[in-house]
Amino acid sequence: MPLLLRTSLSGPQKSVDLSREDADLRVRRTSLLAMGGAVVDEGPPGIKAPDGGWGWAVLFGCFVITGFSYAFPKAVSVFFKELIREFGIGYSDTAWISSILLAMLYGTGPLCSVCVNRFGCRPVMLVGGLFASLGMVAASFCTSIIQLYLTAGVLTGLGLALNFQPSLIMLNRYFSKRRPIANGLAAAGSPVFLCALSPLGQVLQDHYGWRGGFLILGGLLLNCCVCAALMRPLVAPKSGGGPGPQQSSRRLLDLSVFRDRGFVIYAVAASIMVLGLFVPPVFVVSYAKDLGVPDTKAAFLLTILGFIDIFARPTAGFITGLKKVRPYSVYLFSFAMFFNGFTDLTGSTASNYGGLVVFCIFFGISYGMVGALQFEVLMAIVGTHKFSSAIGLVLLMEAMAVLIGPPSGGKLLDATHVYKYVFLLAGAEVLTSSLVLLLGNFCIGSRTEASKPEAAAPEEEKLQKPPVDVSVDSREVEHFLKAETEKNGEAVHTPETSV
């Protein structure tokens with residue numbers, strides 16, 4: 001039902017009928033305006049997401065950035081044997097390079113949100129590309145493992161983080177109706193680059209050593225700056241030769257997302273999921289070797305997993321983008337998590353190479369579904385205006401789980417020397433996360449349904465209630481009356497997408 005707002009325009013007071021949803025958006029923007037802060041680099045109000053055009057160039061840039069961000073920490077591991085020989089250290093010492101890279105990618109989420117909200121996506125990504133390249137170039141001159149931690153780990157990880165999060169934000173602004181398939185195609189960059197960077201790293205090590213390989217990889221990371229140049233901000237057209245619409249002011253990091261129960265449920269579920277999500281790919285090769293499989297055939301398992309993942313992500317994005325499926329994207333994401341956890345449980349029973357091949361096929365499908373849907377669902381929950389802060393906070397919570405997950409699996413393996421228990425633990429964690437998301441969504445959905453009788457009350461009753469007195473900037477209301485009703489990059493919230 002319409003909600004009556006009293007607004008002050010240039011003349012006497014007038015009454016403006018706004019829909020409940022639009023009024024709620026204006027109230028939130030006005031309260032944020034009163035809170036102060038820096039101007040957020042978000043899509044201009046009143047302009048629709050293009051869903052094409054230059055958005056395809058943005059999608060390509062996001063594809064490359066996602067590939068570097070997720071595949072690079074794994075691809076660096078091909079140099080570990082040379083580093084062990086060079087510095088006389090153990091495998092666990094060199095493994096910290098990949099761990100630090102991932103920790104920086106996830107743990108600096110709030111910092112990235114602050115930088116994006118202060119300076120915009122494109123400048124942050126340009127600086128991030130320089131940091132990532134500089135880190136690998138400096139690493140090629142290191143003389144100790146500590147120096148590698150600081151250069152290849154901290155500096156390169158920070159650079160990749162400053163590219164990854166802004167690229168997702170820009171993708172959210174350029175795509176609305178086609179956003180699920182766009183997210184799926186961008187997420188496919190991870191397995192594609194993993195299949196390419198790992199063999200490339202081996203070739204570079206054979207021909208130029210680890211120092212030359214790091215130097216060349218540092219040059220490749222400069223392509224992040226090229227991708228940053230593709231992130232052209234959306235510009236609202238000026239109407240009648242007057243000034244364009246004014247953007248609202250907002251804090252650098254919007255912590256009000258924690259008041260959204262849907263966001264809290266999603267963040268908790270995602271953190272539990274990450275505890276077990278990355279464990280099977282880390283241990284599946286060792287699992288095969290423990291069964292007596294030759295090293296070459298054991299390593300081929302990851303190739304199978306990555307190949308299936310390449311096709312699973314765009315397919316999941318395409319299915320989610322269907323009109324009849326998109327309102328239920330939260331349930332589809334919960335199913336993907338359940339599917340992944342169930343695959344881990346069944347994979348623990350594998351007793352030969354054929355069983356592990358089947359496990360990798362189904363794990364690749366479920367893993368690709370999770371990768372394609374996780375950020376799409378977050379975008380649907382918080383909307384365009386809060387996504388830059390929400391993704392930073394979620395990545396920070398996931399960073400803690402990333403640091404705990406694989407080491408806890410390793411400790412369980414050291415204590416039992418049975419890989420079956422490691423897969424059972426990972427599967428139980430992912431299954432738990434799917435139940436948290438599903439049950440939380442049911443709870444919020446039931447509360448939404450309970451509020452429907454009030455919405456269906458007679459209009460005469462509602463008119464007797466005192467109107468909500470909200471002070472809104474006259475320029476904002478005037479622009480709102482002229483603007484199109486479709487919002488930039490935001491899915492309409494229904495009981496099904498209320499999480």
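In case you wondered, yes, glycine gets a Cβ from its N, Cα and C as well.
Listed in TrEMBL:
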type: DOMAIN; residues: 55-445; note: domain 'Major facilitator superfamily (MFS) profile'
type: TRANSMEM; residues: 54-73; note: transmembrane segment
type: TRANSMEM; residues: 94-119; note: transmembrane segment
type: TRANSMEM; residues: 131-160; note: transmembrane segment
type: TRANSMEM; residues: 181-200; note: transmembrane segment
type: TRANSMEM; residues: 212-231; note: transmembrane segment
type: TRANSMEM; residues: 263-286; note: transmembrane segment
type: TRANSMEM; residues: 298-316; note: transmembrane segment
type: TRANSMEM; residues: 328-347; note: transmembrane segment
type: TRANSMEM; residues: 353-375; note: transmembrane segment
type: TRANSMEM; residues: 387-406; note: transmembrane segment
type: TRANSMEM; residues: 418-444; note: transmembrane segment
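Long-range contacts of the transmembrane segment (212-231) within its own chain (CB-CB distance under 8 A, at least 6 residues past either end) are made by residues 57-58, 60-62, 64-65, 68, 72, 79, 121-122, 125-126, 128-130, 132-137, 139-140, 152, 156, 159-160, 163, 166-167, 170, 201, 204-205.
For the transmembrane segment (54-73), the neighbouring stretch richest in Cβ pairs under 8 Å, chosen from 131-160, 263-286, 298-316, 353-375, 418-444, is 131-160.
Only sequence-distant pairs (6 or more apart) were considered; of these, at least three Cβ pairs between the transmembrane segment (181-200) and the transmembrane segment (353-375) are under 8 A, so the stretches are in contact. If one looks beyond the transmembrane segment (353-375) by at least 6 residues along the same chain, the residues whose Cβ comes under 8 Å of a Cβ in the stretch are 168, 180, 183-184, 187-188, 190-191, 270, 273, 277, 280-281, 284, 287-288, 291, 293, 297, 301-302, 304-317, 320, 329, 332-333, 336-337, 339-340, 343-344, 346-347, 391.
Residues 181, 184-185, 187-188, 190-192, 194-195, 281, 284-286, 288-289, 336, 356-357, 360-361, 363-369, 371-373 of the same chain lie 6 or more positions beyond the ends of the transmembrane segment (298-316) yet place their CB under 8 Å from a CB of it. Residues of the same chain lying 6 or more positions beyond the ends of the transmembrane segment (387-406) and with a Cβ under 8 Å from any Cβ of it are 40-42, 99, 102-103, 105-114, 116-117, 165, 168-169, 172, 253-255, 257-258, 263, 266-267, 270-272, 274-279, 282, 375, 378-379, 381, 426, 429.
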